[in-house]
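K.L.:
Here it is: the structure, laid out below.
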Amino acid sequence: MNKKTEAMDGNTAAAHIAYGLSDQAFIYPITPSSPMGELADMWSAQGRKNVFGRVVDVTEMQSEGGAAGALHGSLAAGTLSTTFTASQGLLLMLPNMFKISGELLPTVFHVASRAIAGQALSIFGDHSDVMACRTTGFALLSSGSVQEIMDLAVVAHISTIESRIPFCHFFEGFRLSHEINTIEKIEYKELNDLINKDIIEKIRTRGLNPEHPHMRGTSQGPDVYFQLVESSNKYYDELADKVQNVMDRVAKLTGRQYQLFDYVGSDDAERIVVVMGSGAAPLEEIISKFGHKEKIGLIKCRLYRPFSKKHFLKALPKSVKKICVLDRTKESGSLGEPLFLDVSTAVKKTNIDVIGGRYGLGSKDFTPAMALAVFDNLKQKEPLENFTVGITDDVTHKSLKINQEIDTVPEGTQQCLFWGMGSDGTVGANKNAIKIIVDNTSLYGQGYFSYSAHKSGGISISHLRFGSKKIHSPYLIQNADYIACHNKSYVDKYDLLNKAKFGSIFVLNSPWNSIDELEQNLPSSLKHKIAEKHLKFFNIDASSIADKVGLAGRINMIMQAVFFHLSGVLDSKKAIDLLKKTIEKEYSKKGEDVVKKNKEGVDESIRNLHEIKYPQKWIECEIEDPKKTQDLPIFIKEIFNPMAKLEGDLIPVSKFPEAGFIPLGTSKYDKRGIAEKVPNWNPKTCIQCNFCSVVCPHAAIRPFLINPETKKPKNFETTRTKGTKEDLEFRIQVSPLDCTGCSLCVNTCPTKSLEMKPLHDMKDQIENWNFAVNLPIRNDLFKRESIKGSQFHQPLLEFSGACAGCGETPYVKLLTQLFGEQMVVANATGCSSIWGGSYPNCPYSTNRFSHGPAWANSLFEDNAEFGLGIAKGIQNQRNSLLLLVNDLLQSNSDIGELKDLFNDWINNFNDLRKSKELSEKIKVELSEYLDKNQNKDLNINNLLQEIFQKKDLFSKRSQWIIGGDGWAYDIGFGGLDHVLASGEDVNILVLDTEVYSNTGGQSSKSTPRSGVAKFAAKGKNTCKKDLGLIATSYENVYVASVSLANMTHLIKCLVEAEKYKGPSLIIAYSPCIEHGIKLGMGSQVKEQQLAIETGYWPLFHFDPNFHLIGKNPFVYDSKKPKKDLIDLLKHETRFSSLLKTFPQEAIKKHNLLKDDIQRRHEKYLQLSQLFQSKLK
Ligand SMILES: Cc1ncc(C[n+]2csc(CCOP(=O)(O)OP(=O)(O)O)c2C)c(N)n1
Ligand code: SF4
Ligand code: SF4
């Protein structure tokens, strides 16, 4: 390698060039493109200069629609601007994309291309989003590797400047945007030669300028519009040659030559595949392995729009007889997918047969075996057309059969797999390992990280490759030389070794150092595989070593040391020295002590690594029978369990319920057991307040009431129930396997009646939990609308995938305890749709009558409107039932007791509780009546039958519209505002984490001034938007600002909001891991208390009905702040970190934040007085 190489991911490569060649960027977060915006924002905050010597001006907008609009304006002014996006984000930009190309404005959109939400959201990569913009007039340029992203980003920027045609430069989300690979970086100074300053000056002078004004964006009639559309043809006609010219110039700079269509394969190829993006690599590997005997080849399409037939035909070998076009998108109902249609048109006048197929949707892996299946299909006399590859389609039988995986990575490449926990540092350590190896050797490295959907305790699998030859292979490791399992519980859950090569290394982190312990604890299937594959097996008790050296729980450095010692990627001694140097560099900021502990950890790890000499008879171990599953629901057996074992790829199409529906209550089958410690209850000191149950984010601790006569399990201790005369026993029961170990319950208990105990000492509680949840439910003794009483109602949100200690879930859980069986939820995209609806986990569940929240997610931006639509739809259906019942009553027929019931129901039509009560009675009476009175009066009978059919509409719905602050304050604000103004009876709950939590913590308009968030690296400049106050201005909206730290106020407001016959808005303070609460999420309720006491979070409620009864509608429930804001700022790194990164800004902005809070306090006092004075 003669050039300087660096390991980086695709997003960094794109952002590096975009930043260098732009003056402005307009950004909005969307996975997996957000890191590009984050890097641009950070570089700008750090004062990094672009190619033109200027700091790029980066602006976060309220949505991608906003970003595209602002970008359009900036381009109209003659500025070089860029943006980054994906999926729905790109779709929101569509209208402006037409405008931008129509006005011939040069720009580049960098797109980490991703699936589009349809039957489900998917954050993973394919080309669906980009293919949805192929009519916009943007040039579409595709990159297929991290190196290509850097190179073709340059091609896109220079080409747009020189051609006036805007570009969309895209690469597959996650697979390429997040893959780390060794690439040659292009430095800014090298780009100077490519830039034509005169052309850039022309772009500037074409901009809107009153000194030489022009008008654009007119409206035109049928006489001229068409001609003007056609007038830009020449720019498109010239574009392909221009792009090729830029590619040639970039090649001179980098030595890497690209063509618009690159051909790879034998010169006399008869069968070729056409593909775009990273899918080319496995096909190329197959060609280099088998190409010499098979006449096969591949065309990589780089410039997809405009599609140059001339260049395509030039790239096509004359010998080709058959073409298979692979598309990474699906266009339901079309004759074929888009690339297929283009290629078919291009070869129209030849004798070549063209077939099409789909692969890799939503990042489905595309492996060499699949690539081979594609070539094999093409070989058939009658190849399968319009096929899929990578799935088993046993419904329409369109899928290709895949044979065994083949190893096509360059010889000598070391392939390593690491099984870690989502947040245990494994991924960070592996990224570090790549850096150490790439920076210090001539080896190439590649890293890809796959995660499960759980926000805490989910699994992460790191796929690392190293070798002396360049590594492309953009697919998961199929043949590993080294496998490490960082978590002992995985031995029972996953098939850890199915990708292990014969004779490879397997390292387990477990306390079982001896063969006896391993004999006892390893499942026989794992033992069988170890022996069968002749693995070199090592065990290390990394957790004990971490404890011993003072790194409690942090095993990543230890496991990394083991990797360097065993893997042979580097000489062991050299590797360990490098690791120690990295420790010094990385941790010196944290103090000498931390450096010392980590170095000790490294030394101890080598000393305490045990090679396990297992008996060869392990090969005889049974591959055990699958656990008994006959009693499980079909969805759990056929979908949930295979997915939980990471075998979802193997589920055939026929097994899935259509349209992405899932039944409620599936997450209770998860039983992850991820907590190290779980709470243990002391009945002697417990005062039965039920606070622990209220705050638990995962519904893993609940109070139960038991008849003393009931036979209980041995350790099921109880105490006499307080506050009732009935002779009942009380118990707080934890579910150890559902608890995340956050300790929020322990920290909230006012009498210290809970303490955390190691999970292994609490195993008997599993049986206790199973016993408790099957007890008869007694929720009739205490008022449902109270802290204590609400907790005897089954939470219909249980065991979600939220982070340990999450501040959002307790509110929604409480809502389900108050109204769950009648709830309908429209949920915005955000954390609440991810912890609430990640297939196949449904944490929303049903009560014993199978009633529970009906939940749906539309999009991020439209949730308020979606919820309004649902509410109006249901209202409409209920009204039609009302008409039928009225018709019946007016007929004066003799319907016995039903008459009174129906009249009662009409009078309580909009009463949540009463309509439900009457609904249940009517259902029984009506059913009996119909049984007994068949055919007496045909008309009446028909009417009754019709009413009976609609019986599920008798009870009123509790309509909730739920989402985060990113939705409510920013992207969805327009819709939310409209719904507030509509006067309709809907309830809106804003889970205010003050950042976009789900996408990694970007700033929203709810972020407080000085708060450090992504996209606000220097601390937010402006003050938090006062959404509550804005809503009160309608004067007919119920508004409340609440916190879990004041439960009485919270419940009161939720109940009032539900009852209010009009729109209501509840803004709920929701601490999040992104706040960096220094004492951990286990103290987030205390942190909320502090927020209230410092005045940081206000409590108020505004009830328009109070006017009617002569009461002040605006009640400011907060007391005068009694603690200094500094106490809170010190506690949370989102504030304190600014003191380190930008100390001067920090002091200024913290003071301004203090002023903001003081001003708000005064404003609320005045408002309250104003309303009061109006009453007099
Ligand atoms: C149009 C569009 N843009 C961006 C996204 C990506 N996205 C999904 S959730 C989210 C942030 C959600 O933040 P917030 O509403 O505050 O909810 P939280 O995650 O904090 O609960 C973003 C930006 C999207 N899904 N759709
Ligand atoms: S430790 Fe956390 S998850 Fe476990 S029961 Fe307590 S609050 Fe719930
Ligand atoms: S809101 Fe924060 S704490 Fe809760 S699940 Fe999302 S990221 Fe985790």
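If you go along the chain as it appears here, the first residue is 1 and each next one adds 1.
Including glycine, each Cβ sits where the backbone N, Cα and C put it.
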K.L.:
Which of Cys831, Cys842 shares the [4Fe-4S] cluster 3 site with Cys803, Cys806, Cys1072 per TrEMBL?
P.N.:
Cys831
K.L.:
Looking at TrEMBL, Cys739, Cys742, Cys745 are annotated for [4Fe-4S] cluster 2. Which of Cys689, Cys696 sits in that same site?
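P.N.:
Candidate listed by TrEMBL for the same site: Cys696.
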K.L.:
I need the CA-to-CA distance for Cys739 ([4Fe-4S] cluster 2 binding site) versus Cys692 ([4Fe-4S] cluster 1 binding site), whole Å please.
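P.N.:
With the alpha carbons as reference points, the distance is 12 Å.
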K.L.:
Given the binding-site residues Cys739, Cys745, Cys749, return the subset with CB under 6 A from an atom of ligand 3, ordered by sequence, or none if empty.
P.N.:
none
K.L.:
May I ask which of the binding-site residues Cys696, Cys749, Cys803, Cys806 have a CB within less than 6 Å of any atom of ligand 1, listed in sequence order?
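P.N.:
Near the molecule: none at all.
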K.L.:
What same-chain residues, at least 6 away in sequence, bring their CB to under 8 Å of the CB of Cys806 ([4Fe-4S] cluster 3 binding site)?
P.N.:
Lys455, Pro697, Cys831, Trp835, Ser1070, Cys1072, Ile1073, Met1081
K.L.:
Looking at the binding-site residues Cys686, Cys696, Cys745, Cys749, which has the shortest Cα distance to Cys803 ([4Fe-4S] cluster 3 binding site)?
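P.N.:
Closest recorded candidate to Cys803 ([4Fe-4S] cluster 3 binding site) by Cα: Cys696.
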K.L.:
Listed binding-site residues are Cys686, Cys689, Cys692; which of them have CA atoms within 10 A of the CA of Cys745 ([4Fe-4S] cluster 2 binding site)?
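P.N.:
If one measures from the Cα of Cys745 ([4Fe-4S] cluster 2 binding site), the binding-site residues that come within 10 Å are Cys692.
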K.L.:
Would you kindly list the residues that approach the domain '4Fe-4S ferredoxin-type' (730-759) from elsewhere in its chain, counting only those six or more residues past its ends and only Cβ-Cβ distances under 8 Å?
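P.N.:
Answer is 456-457, 668, 670-689, 691-706, 716-722, 765-766, 768-769, 772, 798-799, 803-805, 1080-1086.
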K.L.:
Listed binding-site residues are Cys686, Cys696, Cys739, Cys749, Cys831; which sit with C-beta under 6 angstroms of ligand 2?
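P.N.:
By the Cβ criterion, which requires under 6 Å to ligand 2, the hits are Cys696, Cys739.
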K.L.:
What count of other C-beta atoms do you get within 10 angstroms of the C-beta of Cys686 ([4Fe-4S] cluster 1 binding site), across all chains shown?
P.N.:
22
K.L.:
Looking only at the domain '4Fe-4S ferredoxin-type' (730-759), report the model's average pLDDT.
P.N.:
97
K.L.:
Beyond the listed site residues Cys803, Cys806, Cys831, Cys1072, identify every same-chain residue whose Cβ lies within 8 Å of the center of their Cβ atoms for the [4Fe-4S] cluster 3 site.
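P.N.:
Here the nearby residues are Lys455, Ala802, Gly805, Gly807, Glu808, Thr809, Trp835, Thr993, Ser997, Ser1070, Ile1073, Glu1074.
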K.L.:
With an 8 Å cut-off on Cβ-Cβ distance and a minimum sequence separation of at least 6, pull the same-chain contacts of Cys696 ([4Fe-4S] cluster 2 binding site), or say none.
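P.N.:
In sequence order, Arg702, Leu744, Cys745, Pro810, Lys813 meet the Cβ cut-off.
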